[in-house]
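The structure that follows is given in the form of structure tokens.
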Amino acid sequence: MYTLLSGLWKYMFQKDEYCILILGLDNAGKTTFLEQTKTKFNRNYKGMNLSKITTTVGLNIGTIDVGSARLMFWDLGGQEELQSLWDKMLEASSLVSVAECYPQQRSFHSSLEGNTCLSVGDIKTAFSDCASKIGKRDCLVQPCSALTGQGVNDGIEWMVKCVIRNIHRPPRQKDIT
Amino acid sequence: MAGHFRSYVWDPILIISQIILMQCIYYSFLGIWLAVVDSLVQNSRSLDQVFSYEVLGFSTAQGRLSMMAFILNSLTCALGLWYFIRRGKQCLDFTVTIHIFHFMGCWIYNLHFPTALSWWLVNIVCIALMAVIGEYLCMRTELRAIPVNTGPKSNL
């Protein structure tokens, strides 16, 4: 009876699960972004101190519940040696590419005086040569700060809307059918 | 993910039919055991022995006979769990379900909530015996080594 009722409960209340890849060069802020997202969207999550995040060897996975979907983030290490892992991950519904806007900055405490920040226009120019490969897929350039959390909410909400309406990449097969 | 060892698909029809099957096994074997036990002492059989609260007790001889039948029945039902359910995880679940339905049957028969301590005691002991023995048997089967063909793969 318990299996019956708990199966019924899960069947009625389970959410669609989507896999999202986070890619970017080493030290771009992928793991920090993942921790920030988890802190914002999981109520009881006491995240680790963001300044203690070190380089990712392998990958990190984080899951958040947004609206009617459950997003599973795969944060792959960006170190050159680990980039051979990237093409093994072919099953994702969506891709978050994290680009560092202060390429000269190598520590979190350096001052922000110079005008070396890349703007949205610069990033779009950089991606323009792969525009043909992106094709008809939804694409958004979102300025955000993984340390303070600005811009993260808008980005995630836009992504959830796009991932749900994308019929070419359906959610992962559910446990209970 | 394809290729699971055991299907995780929720199958309500299978579960409901297993519940009905186990309930039928419970009552049929209870009837058989009561018939056997009653014939040993030339007692007359009645539905009271199955459902009534007052009969089940240590004081009367008839009560002791009923108790014995219930205990033996839980052993046969454990075998039924092993043969039909085959999953250690679900043994406790099915045992409690069987006893919940028996409890409802007794309530309808007696028209009042059971207050006799001996009735509760016997049922709790039956639940414990059935669940533990059923789970032990299922575990033994589940934990058997899976035979893998370890013959030479290449012909040198």
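Going from the start of the chain as shown, residues are counted 1 onward.
Glycine too: its Cβ is placed from the backbone N, Cα and C atoms.
Look at TrEMBL and you will find A:Gly24, A:Leu25, A:Asp26, A:Asn27, A:Ala28, A:Gly29, A:Lys30, A:Thr31, A:Gly78 tagged as GTP binding site. Taken from TrEMBL, the feature Mg(2+) binding site covers A:Thr31, A:Thr56.
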Measuring Cα to Cα, how many angstrom lie between A:Lys30 (GTP binding site) and A:Thr56 (Mg(2+) binding site)?
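A:Lys30 (GTP binding site) to A:Thr56 (Mg(2+) binding site), Cα-Cα distance: 9 Å.
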In whole Å, how far does the CA atom of A:Gly78 (GTP binding site) lie from that of A:Thr56 (Mg(2+) binding site)?
8
Out of A:Gly24, A:Gly78, which has the highest number of nearby Cβ atoms, where nearby means within 10 Å of its Cβ, if these are the binding-site residues?
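Output for this query is A:Gly78.
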Taking 10 A as the limit, how many CB atoms besides its own sit near the CB of A:Ala28 (GTP binding site)?
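A:Ala28 (GTP binding site): 19 neighbouring Cβ atoms within 10 Å.
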Given the binding-site residues A:Gly24, A:Asp26, A:Ala28, which lie within 10 A of A:Thr56 (Mg(2+) binding site) by CA-CA distance?
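So the list is A:Asp26.
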Counting Cβ atoms within 10 Å of each candidate's own Cβ, which of the binding-site residues A:Thr31, A:Thr56 comes out highest?
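Result of the Cβ crowding comparison: A:Thr31.
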What residues, ordered by sequence, lie under 8 A Cβ-to-Cβ from A:Asp26 (GTP binding site) and sit at least six positions away in the same chain?
A:Thr55, A:Gly77, A:Gly78, A:Gln79, A:Glu80
Enter the number of other CB atoms within 10 angstroms of the CB of A:Lys30 (GTP binding site).
28
Roughly how many angstrom lie between the C-alpha atoms of A:Gly24 (GTP binding site) and A:Thr31 (Mg(2+) binding site)?
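About 10 Å separates the two Cα atoms.
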Where does A:Gly78 (GTP binding site) sit in DSSP terms: helix, strand, or coil?
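Its secondary structure by DSSP: coil.
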